[in-house]
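According to Swiss-Prot, the features are:
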type    : residues                   : note
DOMAIN  : 26-281                     : domain 'CoA carboxyltransferase N-terminal'
BINDING : CYS30, CYS33, CYS48, CYS51 : Zn(2+) binding site
ZN_FING : 30-51                      : zinc finger
Amino acid sequence: MMPKRKFQAPTERQLAVRRDNIPDALLTRCPVCHEDCYTQDLGEFKVCPHCDYGFRLPAWQRVQQLTASFEERDADLSAPVSFDDPAYLEKLQRAKAASHLNESVLTGIGTLATYQFGLGVMETKFMMGSLGAATGEKITRLFETCTTQKLPVVMVTASGGARMQEGARALMQMAKVSTAVANHRKAGLLYITILTDPTTGGVTASFAMQGDIMLSEPRALIGFAGRRVIEQTIQQTPPADFQRAETLLANGWLDQIVPRPALRKTLQRLLTITQGGHQDV
(Lines of atoms letter the chains of each structure in order from A and count residues from 1; the text may use other names and numbers.)
(Lines give C-alpha, C1' and ligand atoms only; values in the text may rest on other atoms or scores of the structure.)
Protein backbone atom coordinates (compact mmCIF):
# COMPACT_ATOMS: atom_id res chain seq x y z
CA MET A 1 0.00 0.00 0.00
CA MET A 2 1.46 3.32 -1.10
CA PRO A 3 1.64 6.08 1.51
CA LYS A 4 -0.57 9.11 0.99
CA ARG A 5 1.22 12.25 -0.16
CA LYS A 6 0.33 15.56 1.40
CA PHE A 7 -1.04 18.16 -0.99
CA GLN A 8 1.24 21.15 -1.44
CA ALA A 9 -0.13 24.38 -2.81
CA PRO A 10 1.89 25.72 -5.75
CA THR A 11 4.24 28.58 -5.05
CA GLU A 12 3.83 32.01 -6.63
CA ARG A 13 6.68 31.23 -8.98
CA GLN A 14 5.06 27.96 -10.07
CA LEU A 15 1.77 29.77 -10.67
CA ALA A 16 3.57 32.40 -12.73
CA VAL A 17 5.20 29.70 -14.87
CA ARG A 18 1.82 28.06 -15.42
CA ARG A 19 0.27 31.39 -16.42
CA ASP A 20 3.09 31.98 -18.88
CA ASN A 21 2.30 28.64 -20.52
CA ILE A 22 -1.38 29.47 -21.04
CA PRO A 23 -2.15 30.41 -24.68
CA ASP A 24 -2.52 34.17 -25.19
CA ALA A 25 -6.04 33.91 -26.60
CA LEU A 26 -7.35 32.01 -23.57
CA LEU A 27 -6.76 34.63 -20.87
CA THR A 28 -7.03 38.41 -20.92
CA ARG A 29 -5.65 40.72 -18.25
CA CYS A 30 -7.69 43.79 -17.34
CA PRO A 31 -5.55 46.96 -17.64
CA VAL A 32 -7.41 48.58 -14.73
CA CYS A 33 -7.85 45.94 -12.00
CA HIS A 34 -5.04 43.72 -13.40
CA GLU A 35 -7.09 40.56 -12.87
CA ASP A 36 -6.84 37.70 -15.35
CA CYS A 37 -10.09 36.43 -16.82
CA TYR A 38 -11.06 33.98 -19.51
CA THR A 39 -11.41 35.86 -22.78
CA GLN A 40 -14.76 34.22 -23.46
CA ASP A 41 -16.06 35.63 -20.15
CA LEU A 42 -15.70 39.17 -21.53
CA GLY A 43 -18.77 38.47 -23.65
CA GLU A 44 -19.95 40.38 -26.70
CA PHE A 45 -19.56 43.71 -24.89
CA LYS A 46 -15.93 43.02 -23.89
CA VAL A 47 -16.42 43.97 -20.22
CA CYS A 48 -14.16 42.86 -17.36
CA PRO A 49 -16.18 40.58 -15.04
CA HIS A 50 -14.18 41.80 -12.03
CA CYS A 51 -14.40 45.62 -12.28
CA ASP A 52 -16.81 46.40 -15.19
CA TYR A 53 -14.07 48.10 -17.21
CA GLY A 54 -14.96 48.13 -20.90
CA PHE A 55 -12.16 47.02 -23.21
CA ARG A 56 -11.64 49.09 -26.35
CA LEU A 57 -14.00 48.28 -29.19
CA PRO A 58 -13.82 48.90 -32.95
CA ALA A 59 -15.99 51.81 -34.08
CA TRP A 60 -18.26 49.62 -36.20
CA GLN A 61 -18.95 47.33 -33.24
CA ARG A 62 -19.96 50.37 -31.20
CA VAL A 63 -22.36 51.39 -33.95
CA GLN A 64 -23.95 47.94 -33.97
CA GLN A 65 -24.42 48.05 -30.20
CA LEU A 66 -26.01 51.52 -30.17
CA THR A 67 -28.20 51.66 -33.28
CA ALA A 68 -30.91 49.79 -35.14
CA SER A 69 -29.61 51.12 -38.46
CA PHE A 70 -26.76 53.37 -39.55
CA GLU A 71 -25.91 55.28 -42.73
CA GLU A 72 -22.26 56.31 -42.89
CA ARG A 73 -21.35 59.80 -44.13
CA ASP A 74 -18.05 61.16 -45.53
CA ALA A 75 -16.47 57.70 -45.57
CA ASP A 76 -13.83 58.71 -48.13
CA LEU A 77 -12.63 61.80 -46.25
CA SER A 78 -9.05 61.32 -45.01
CA ALA A 79 -5.87 63.24 -44.20
CA PRO A 80 -4.55 65.11 -47.26
CA VAL A 81 -1.61 63.46 -49.01
CA SER A 82 0.16 66.83 -49.18
CA PHE A 83 2.03 66.07 -45.95
CA ASP A 84 5.72 65.67 -46.77
CA ASP A 85 6.54 63.34 -43.87
CA PRO A 86 7.01 59.82 -45.30
CA ALA A 87 6.89 58.26 -41.83
CA TYR A 88 3.51 59.89 -41.15
CA LEU A 89 2.09 58.80 -44.50
CA GLU A 90 3.23 55.26 -43.74
CA LYS A 91 1.54 55.43 -40.33
CA LEU A 92 -1.68 56.55 -41.98
CA GLN A 93 -1.62 53.55 -44.30
CA ARG A 94 -1.05 51.16 -41.40
CA ALA A 95 -3.87 52.81 -39.44
CA LYS A 96 -6.27 52.46 -42.36
CA ALA A 97 -5.39 48.79 -42.71
CA ALA A 98 -5.81 48.13 -38.97
CA SER A 99 -9.10 50.00 -38.56
CA HIS A 100 -10.70 49.55 -42.00
CA LEU A 101 -11.50 53.27 -41.87
CA ASN A 102 -10.03 56.25 -43.72
CA GLU A 103 -9.91 58.40 -40.58
CA SER A 104 -10.03 58.15 -36.79
CA VAL A 105 -13.77 58.79 -36.56
CA LEU A 106 -16.79 57.07 -38.05
CA THR A 107 -19.72 59.42 -38.67
CA GLY A 108 -23.24 59.06 -39.99
CA ILE A 109 -26.95 59.07 -39.23
CA GLY A 110 -28.28 56.36 -36.94
CA THR A 111 -31.72 55.23 -35.83
CA LEU A 112 -32.90 53.75 -32.55
CA ALA A 113 -36.58 52.90 -32.03
CA THR A 114 -38.40 55.76 -33.78
CA TYR A 115 -35.59 58.28 -33.35
CA GLN A 116 -33.01 59.52 -35.83
CA PHE A 117 -29.75 61.11 -34.70
CA GLY A 118 -26.24 61.97 -35.80
CA LEU A 119 -23.61 59.57 -34.50
CA GLY A 120 -19.84 59.92 -34.33
CA VAL A 121 -17.64 57.13 -32.97
CA MET A 122 -13.89 57.52 -32.56
CA GLU A 123 -11.60 54.62 -33.50
CA THR A 124 -8.60 53.88 -31.26
CA LYS A 125 -7.06 51.54 -33.85
CA PHE A 126 -6.54 54.57 -36.07
CA MET A 127 -3.54 56.28 -34.45
CA MET A 128 -5.16 56.08 -31.02
CA GLY A 129 -8.21 58.05 -32.18
CA SER A 130 -6.06 61.15 -32.61
CA LEU A 131 -7.69 64.39 -33.73
CA GLY A 132 -6.40 65.36 -37.17
CA ALA A 133 -7.62 67.79 -39.82
CA ALA A 134 -9.84 65.21 -41.51
CA THR A 135 -11.18 64.01 -38.15
CA GLY A 136 -12.23 67.54 -37.27
CA GLU A 137 -13.76 68.06 -40.71
CA LYS A 138 -15.86 64.89 -40.45
CA ILE A 139 -17.18 65.79 -36.99
CA THR A 140 -17.87 69.38 -38.07
CA ARG A 141 -19.82 68.18 -41.10
CA LEU A 142 -21.82 65.84 -38.86
CA PHE A 143 -22.87 68.71 -36.58
CA GLU A 144 -23.66 70.97 -39.53
CA THR A 145 -25.81 68.29 -41.16
CA CYS A 146 -27.67 67.64 -37.91
CA THR A 147 -28.17 71.36 -37.32
CA THR A 148 -29.74 71.68 -40.77
CA GLN A 149 -31.88 68.56 -40.34
CA LYS A 150 -32.79 69.40 -36.70
CA LEU A 151 -31.32 66.17 -35.32
CA PRO A 152 -29.62 65.43 -31.98
CA VAL A 153 -25.99 64.30 -32.01
CA VAL A 154 -24.34 61.48 -30.05
CA MET A 155 -20.53 61.37 -29.88
CA VAL A 156 -18.64 58.35 -28.54
CA THR A 157 -15.18 59.68 -27.70
CA ALA A 158 -11.93 57.72 -27.41
CA SER A 159 -8.73 59.56 -28.20
CA GLY A 160 -5.15 60.25 -27.23
CA GLY A 161 -5.57 63.90 -28.24
CA ALA A 162 -4.55 66.10 -31.16
CA ARG A 163 -2.42 64.43 -33.85
CA MET A 164 1.10 65.76 -33.31
CA GLN A 165 2.21 65.00 -36.89
CA GLU A 166 -0.23 67.65 -38.17
CA GLY A 167 0.88 70.35 -35.74
CA ALA A 168 -1.22 73.53 -35.61
CA ARG A 169 -3.60 72.19 -38.23
CA ALA A 170 -4.68 69.49 -35.77
CA LEU A 171 -4.97 71.93 -32.85
CA MET A 172 -7.24 74.17 -34.92
CA GLN A 173 -9.81 71.37 -35.06
CA MET A 174 -10.62 71.95 -31.39
CA ALA A 175 -11.98 75.42 -32.15
CA LYS A 176 -13.52 74.32 -35.44
CA VAL A 177 -15.56 71.49 -33.94
CA SER A 178 -16.44 73.56 -30.86
CA THR A 179 -17.93 76.24 -33.13
CA ALA A 180 -20.07 73.62 -34.88
CA VAL A 181 -21.20 72.31 -31.47
CA ALA A 182 -22.11 75.85 -30.37
CA ASN A 183 -24.17 76.46 -33.52
CA HIS A 184 -25.95 73.16 -32.97
CA ARG A 185 -26.76 74.20 -29.41
CA LYS A 186 -27.97 77.65 -30.51
CA ALA A 187 -30.48 75.86 -32.72
CA GLY A 188 -31.91 74.28 -29.55
CA LEU A 189 -30.70 70.76 -30.38
CA LEU A 190 -29.47 68.01 -28.08
CA TYR A 191 -25.86 66.82 -27.85
CA ILE A 192 -25.02 63.65 -25.88
CA THR A 193 -21.44 62.56 -25.23
CA ILE A 194 -20.39 59.04 -24.23
CA LEU A 195 -16.84 59.18 -22.89
CA THR A 196 -14.92 55.92 -23.17
CA ASP A 197 -11.41 54.79 -22.34
CA PRO A 198 -9.30 56.77 -23.05
CA THR A 199 -10.64 60.28 -23.66
CA THR A 200 -7.69 62.67 -23.32
CA GLY A 201 -5.85 65.67 -24.72
CA GLY A 202 -7.45 68.07 -27.18
CA VAL A 203 -10.60 65.97 -27.50
CA THR A 204 -11.25 66.32 -23.76
CA ALA A 205 -10.44 70.03 -23.98
CA SER A 206 -13.08 70.55 -26.66
CA PHE A 207 -16.11 68.61 -27.88
CA ALA A 208 -15.90 65.65 -25.47
CA MET A 209 -16.81 67.88 -22.51
CA GLN A 210 -19.38 70.06 -24.28
CA GLY A 211 -22.34 67.68 -24.23
CA ASP A 212 -25.71 68.67 -22.82
CA ILE A 213 -25.84 65.18 -21.31
CA MET A 214 -22.51 63.56 -20.47
CA LEU A 215 -22.24 59.82 -19.96
CA SER A 216 -19.24 57.59 -19.41
CA GLU A 217 -18.40 53.92 -19.19
CA PRO A 218 -17.10 52.55 -15.86
CA ARG A 219 -13.40 53.03 -15.08
CA ALA A 220 -12.78 55.07 -18.25
CA LEU A 221 -9.65 57.24 -18.26
CA ILE A 222 -10.70 60.86 -18.84
CA GLY A 223 -8.28 63.78 -18.63
CA PHE A 224 -6.16 66.31 -20.46
CA ALA A 225 -2.45 65.78 -19.75
CA GLY A 226 -1.09 62.31 -19.04
CA ARG A 227 -0.49 61.07 -15.52
CA ARG A 228 3.32 61.08 -15.84
CA VAL A 229 3.35 64.63 -17.20
CA ILE A 230 1.28 65.81 -14.25
CA GLU A 231 3.48 63.95 -11.76
CA GLN A 232 6.59 65.59 -13.18
CA THR A 233 4.93 69.01 -13.14
CA ILE A 234 3.53 69.03 -9.59
CA GLN A 235 6.23 66.72 -8.14
CA GLN A 236 3.53 64.66 -6.42
CA THR A 237 1.89 61.30 -6.99
CA PRO A 238 -1.82 61.64 -7.85
CA PRO A 239 -4.28 59.24 -6.18
CA ALA A 240 -4.99 55.87 -7.80
CA ASP A 241 -8.46 56.94 -9.00
CA PHE A 242 -7.10 60.13 -10.57
CA GLN A 243 -8.68 60.88 -13.99
CA ARG A 244 -11.10 57.96 -13.72
CA ALA A 245 -14.78 58.33 -14.61
CA GLU A 246 -15.88 57.66 -11.02
CA THR A 247 -13.82 60.61 -9.76
CA LEU A 248 -15.23 62.92 -12.42
CA LEU A 249 -18.78 61.86 -11.53
CA ALA A 250 -18.16 62.50 -7.83
CA ASN A 251 -16.94 66.01 -8.66
CA GLY A 252 -19.84 66.93 -10.93
CA TRP A 253 -18.17 66.58 -14.35
CA LEU A 254 -20.39 63.73 -15.54
CA ASP A 255 -24.12 63.10 -15.41
CA GLN A 256 -24.02 59.31 -15.21
CA ILE A 257 -21.74 56.29 -15.51
CA VAL A 258 -23.47 53.63 -17.59
CA PRO A 259 -22.24 50.02 -17.94
CA ARG A 260 -21.69 49.18 -21.60
CA PRO A 261 -24.51 46.60 -21.88
CA ALA A 262 -26.98 49.27 -20.68
CA LEU A 263 -25.84 52.07 -23.02
CA ARG A 264 -28.30 51.33 -25.81
CA LYS A 265 -31.31 51.29 -23.48
CA THR A 266 -30.09 54.44 -21.70
CA LEU A 267 -29.62 56.25 -25.00
CA GLN A 268 -33.10 55.25 -26.14
CA ARG A 269 -34.58 56.49 -22.86
CA LEU A 270 -32.79 59.84 -23.18
CA LEU A 271 -33.99 60.27 -26.76
CA THR A 272 -37.54 59.42 -25.67
CA ILE A 273 -37.48 61.97 -22.85
CA THR A 274 -35.87 64.79 -24.84
CA GLN A 275 -37.36 64.23 -28.29
CA GLY A 276 -40.91 63.43 -27.17
CA GLY A 277 -42.62 60.08 -26.93
CA HIS A 278 -43.84 57.44 -24.50
CA GLN A 279 -41.39 56.64 -21.71
CA ASP A 280 -41.93 52.89 -21.78
CA VAL A 281 -38.33 51.94 -22.57
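Cβ atoms are placed via backbone N, Cα and C, with glycine included.
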Per-state residue totals over the zinc finger (30-51) - DSSP helix, strand, coil:
4 helix, 4 strand, 14 coil
Restricting to the same chain and to residues at least six past its boundaries, which positions have a Cβ under 8 Å from a Cβ of the zinc finger (30-51)?
19, 57, 65, 218-219, 259-261
What other residues of the same chain, not counting CYS30, CYS33, CYS48, CYS51, have a CB atom within 8 A of the CB centroid of the Zn(2+) site?
PRO31, VAL32, HIS34, GLU35, CYS37, PRO49, HIS50, ASP52, TYR53, ARG219
So which of the binding-site residues is most packed in, judged by how many other Cβ atoms lie within 10 Å of its Cβ, out of CYS33, CYS48, CYS51?
CYS48
Near CYS30 (Zn(2+) binding site), which residues of its own chain have a C-beta under 8 A away, given they sit six or more steps off in sequence?
ASP36, CYS37, CYS48, HIS50, CYS51, TYR53
